[in-house]
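Colleague: This is the structure I want to talk about, given as structure tokens.
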């Protein structure tokens, strides 16, 4: 049975294969079972903490032989158990070791071992499985390939504290996404794991807690179930609250806070519940203090960011808890030159992971500033904050760049900040640089923020236009990613609002009529709505309306007709009728409507529609067409009277809707004048 390494065996590795390593493997083939057992035990002692020895034994083919012995019916239970222990030890080496074990199909062999009646052997197999499944190179799907595995693991939970610890650890590492959550939930994970929270073993309690955090994440079904689970007469949320008290280990506090956070975000616990406001939120803020380890501060800040993200009241409470906004500023000064860390290993680790702190701080600032103007002001006034965010936009880590862009996007929702801090720091410059070349996930947020910077009151609008934004945004509208198409067209819509004719002409030229009409037939509703919004903004002010309609009138009227005939919702049709109303406001452009009987019939149809919004939009078209003070109004009024429009106006003047009634009466006044 061959067992191949994914990476080629280098000569240097082979030269290091010692005679003693070969001797260990040779003993596995001894005809005397006792000698084989002793050989495996000696191998176990030789590989503990010795990665070089582990690599040597794998290269020499120890794994296939150990797996063969583990699966042989003639092997004693003691031998099988020792084989599982050695395999587990080999798995605790490098990621390459784990890959080699996976190549030899170790997982099916170990899962088969779980069917044994012997508890010690089962525990050894589970320990090895735990080590393999917690490795980043192991695909989680391998746990779910055989449908009998999960129910069997559930049954083994009652065997011992070790089976409980290892199985919960396997579940928490292999539960990635809703499909896995559903499988575990349907096989009774909640009921089977809940009572483990009161286990005498800390490790079991901890692994059970981790299980619940991954099961509840973004899962309303699991979260709603957890709220009502009783363990020894106590509800699960109450148990979680006890586990996040200050006297509990930090790991337990953090994981309990995550469970309650995920249940809250999934809608199972109210955001104003005391267990969130008075327990979970303060616990997570505590985790952000500089007394905590780097990974605790990262996890605390990221979990808190997730908890408060949709709720303005929680954002306000968090912002005034333990000086959180100032506390987060320390995330950017770590480790300091006079660091109190005396452990060199810890210092080396933290230097390598300091970017995770910056990422977490940006995420939490983004959540804190999502809604409240005062909080945004406090964040921006925190020492050098805008400089730090701008620096974050050019960091090498994609995750930090994404978090920095999200933070800026959150702060850019403030009219005041767009006019002041964003202008003072010329934020648009690094943002435009980010938009030139970034992964889609960053582009989506950066382009969304650009939409805010292009609002008409933003001082950044002019310099952004001068730096080639039109071409960049028109390029985004051709993206395969619908979110990028939406943002590209949205930003162009903002750019066109009350813009000069030159800017509007630039947009139309860069976008091209072909692309504009492709967007008008886009399957994504948001893209269609924003494209209609762009068209509406382009067709505003009479000279602009007449100019654009003189060059693009035929295509625009064609697009309007198609949308009004299509299966679109009320909002789409309302926006389209508003575009027609704008065209009807042009001096020469209105002729394109008056000479198009098909369009006139559609306007008439929508005047009698059951939905008031559409009736009002159609009324705007009619009002603009019949306005007395404009040249040719008499001919237009006569034509519309012949179509029966005046009769409809009389009916609408009796409408119970006051707005519609007033508009109809005003239109009738034009006929009487």
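Glycine residues also receive a Cβ, built from the backbone N, Cα and C atoms like all the rest.
Fair warning: this is a prediction, and the values are worked out from it, not measured in the lab.
Annotations for this protein, taken from Swiss-Prot, read as follows:
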type    : residues : note
MOD_RES : 2        : N-acetylalanine
MOD_RES : 337      : phosphoserine
MOD_RES : 512      : phosphoserine
REPEAT  : 51-92    : repeat 'ARM 1'
REPEAT  : 95-134   : repeat 'ARM 2'
REPEAT  : 138-176  : repeat 'ARM 3'
REPEAT  : 178-217  : repeat 'ARM 4'
REPEAT  : 224-265  : repeat 'ARM 5'
REPEAT  : 313-352  : repeat 'ARM 7'
REPEAT  : 374-413  : repeat 'ARM 8'
REPEAT  : 416-455  : repeat 'ARM 9'
REPEAT  : 458-497  : repeat 'ARM 10'
REPEAT  : 501-540  : repeat 'ARM 11'
REPEAT  : 543-585  : repeat 'ARM 12'
REPEAT  : 634-673  : repeat 'ARM 14'
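For each feature listed, report its degree of burial, its nearest neighbours and the pertinent distances within the displayed model.
Modeller: A sphere of 10 angstroms centred on the C-beta of residue 512 (phosphoserine) encloses 11 other C-beta atoms.
For the repeat 'ARM 1' (51-92), the mean pLDDT of the prediction comes to 96.
A Cβ distance under 8 Å defines the sequence-distant neighbours of the repeat 'ARM 2' (95-134), meaning residues of its chain 6+ beyond its ends; these are 1, 3-7, 54-55, 58, 63-64, 67, 70-71, 77, 80-81, 84-85, 87-88, 140, 142-143, 146, 149, 152-153, 156, 159-160, 162-163, 166-167, 169-170, 173-174.
The helix, strand and coil residue counts that DSSP assigns across the repeat 'ARM 3' (138-176) are 26 helix, 0 strand, 13 coil.
Remote same-chain residues near the repeat 'ARM 4' (178-217) are listed as 140, 144, 150-151, 154, 157, 161, 164-165, 168-169, 171-172, 223, 225-226, 229, 231-232, 236, 239-240, 243, 249, 251-252, 255-256, 258-259, 262-263, 266, 268 (criterion: CB distance under 8 Å, separation of at least six residues from the stretch ends).
Same-chain residues lying 6+ beyond the ends of the repeat 'ARM 5' (224-265) with a Cβ under 8 Å from its Cβ atoms: 185, 190-191, 194-195, 197-198, 202, 205-206, 209-210, 212-213, 215-218, 271, 273, 275-276, 279-280, 283-284, 286-287, 292-293, 296, 299-300, 303, 306-307, 309-310.
Long-range Cβ contacts of the repeat 'ARM 9' (416-455) within its own chain (Cβ-Cβ under 8 Å, at least 6 residues beyond either end) map to 373, 376-377, 380, 386-387, 390, 393-394, 398, 401-402, 405-406, 408-409, 461, 463-464, 467-469, 472-473, 476, 479, 481, 483-484, 487-488, 490-491, 494-495, 497.
Within its own chain, the repeat 'ARM 10' (458-497) has Cβ neighbours under 8 Å at 418-419, 422-423, 426-429, 432, 435-436, 440, 443-444, 447-448, 450-452, 503-504, 506-507, 510-511, 515, 519, 522, 524, 526-527, 530-531, 533-534, 537-538, counting only residues six or more beyond its boundaries.
Sequence-distant contacts of the repeat 'ARM 11' (501-540) (same chain, at least 6 residues past either end, Cβ-Cβ under 8 Å): 465, 470-471, 474, 477-478, 482, 485-486, 489-490, 492-493, 495, 547-549, 552, 555-556, 559, 562-563, 568-569, 571-572, 575-576, 578-579, 582-583, 586.
Within its own chain, the repeat 'ARM 12' (543-585) is flanked in space by residues 501, 504-505, 508, 513, 516-517, 520-521, 525, 528-529, 532-533, 535-536, 592-593, 596, 598-599, 602-603, 606, 611, 613-614, 617-618, 620-621, 623-625, which lie at least six positions past its ends and keep a Cβ under 8 Å from the stretch.
A Cβ distance under 8 Å defines the sequence-distant neighbours of the repeat 'ARM 14' (634-673), meaning residues of its chain 6+ beyond its ends; these are 590, 594, 600-601, 604, 607-608, 612, 615-616, 619-620, 622-623, 625-628.
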Colleague: Per DSSP, to which secondary structure element type does residue 512 (phosphoserine) belong, with helix, strand and coil as the options?
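Modeller: Its secondary structure by DSSP: coil.
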